[in-house]
Amino acid sequence: MIHQLLAEFMGTALMIIFGVGVHCSEVLKGTKYRGSGHIFAITTWGFGITIALFIFGNVCINPAMVLAQCILGNLSWSLFIPYSVAEVLGGVVGAVIVWIMYADHFAASADEISPITIRNLFSTAPAVRNLPRNFFVEFFDTFIFISGILAISEVKTPGIVPIGVGLLVWAIGMGLGGPTGFAMNLARDMGPRIAHAILPIKNKADSDWQYGIIVPGIAPFVGAACAALFMHGFFGIG
């Protein structure tokens, strides 16, 4: 149990180090890859998740996936809260590590980059704030994401799951990520959002808890539950 919780914690932290790190690299003043664009960022998210899965193996690194596995009977319901907490804490620690790595660039950017942009390096935000529509986007993105992972996991070729999940993240990010930034994962959003709230970042905005709780906080669980029920009912996966 402890070993698996640590794997969830470290796997999520590594995912966030890649993901939040690429946003900092792309946005902050003085980095070598500033202005590289969304393809650069989305590709790094996909590859970063692939590497995390290769290193830590059979991990969820996403409370929405934990919920899906509990619904399908692959995990005990008693593990839902411990796994989810470990993943969120991993998200916090991963974001703190990125902040330490980019501390000089945060300092250089304090008077140039808006507080909202700084917040958005850590957590997701909608392009157009419309909470019902934002909720639907995150619900649907997560439904596709969890359904895709469950389908990929049925293929028993060694190494296919990490690669397939990375490609799935890339496709969702490119095709469906524009409205909300495709969190699909409470730990991906809430962990870095907590880090943003507690870190001594100069001239920072509030952490927008309303959006964080309603959209990336709740919608991924609804999408994951529907995905688990759909994949079990339609394809017999479970």
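Any Cβ shown, glycine's included, is placed from N, Cα and C.
According to Swiss-Prot:
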type: TRANSMEM; residues: 2-22; note: transmembrane segment
type: TRANSMEM; residues: 39-59; note: transmembrane segment
type: TRANSMEM; residues: 80-100; note: transmembrane segment
type: TRANSMEM; residues: 135-155; note: transmembrane segment
type: TRANSMEM; residues: 158-178; note: transmembrane segment
type: TRANSMEM; residues: 211-231; note: transmembrane segment
(message) Is it the case that the transmembrane segment (211-231) and the transmembrane segment (135-155) touch, counting contact as three or more CB pairs under 8 Å in which the residues of each pair are 6 or more positions apart?
(response) yes
(request) Report, as numbers and ranges, every residue of the chain located at least six residues beyond the transmembrane segment (2-22) whose Cβ falls under 8 Å of a Cβ in that stretch; write 'none' if there are none. (result) 40-41, 44-45, 47-49, 51-53, 55-57, 59-62, 82-83, 86-91, 93-95, 97-98, 101-102, 121-122, 187-188, 191-192
(request) Quickly jot the same-chain residues contacting the transmembrane segment (39-59) by Cβ under 8 Å, restricted to those at least six beyond its ends, or write none. (result) 4, 7-8, 10-12, 14-15, 17-19, 21-23, 26, 33, 159, 161-163, 165-170, 173-174, 177
(message) I need to check the long-range neighbours of the transmembrane segment (80-100): which residues 6 or more away from its ends have a CB within less than 8 Å of a CB in the stretch?
(response) 1, 4-6, 8-17, 20-21, 24, 60-63, 66-67, 70, 106, 122, 186-192, 194-196, 199, 201
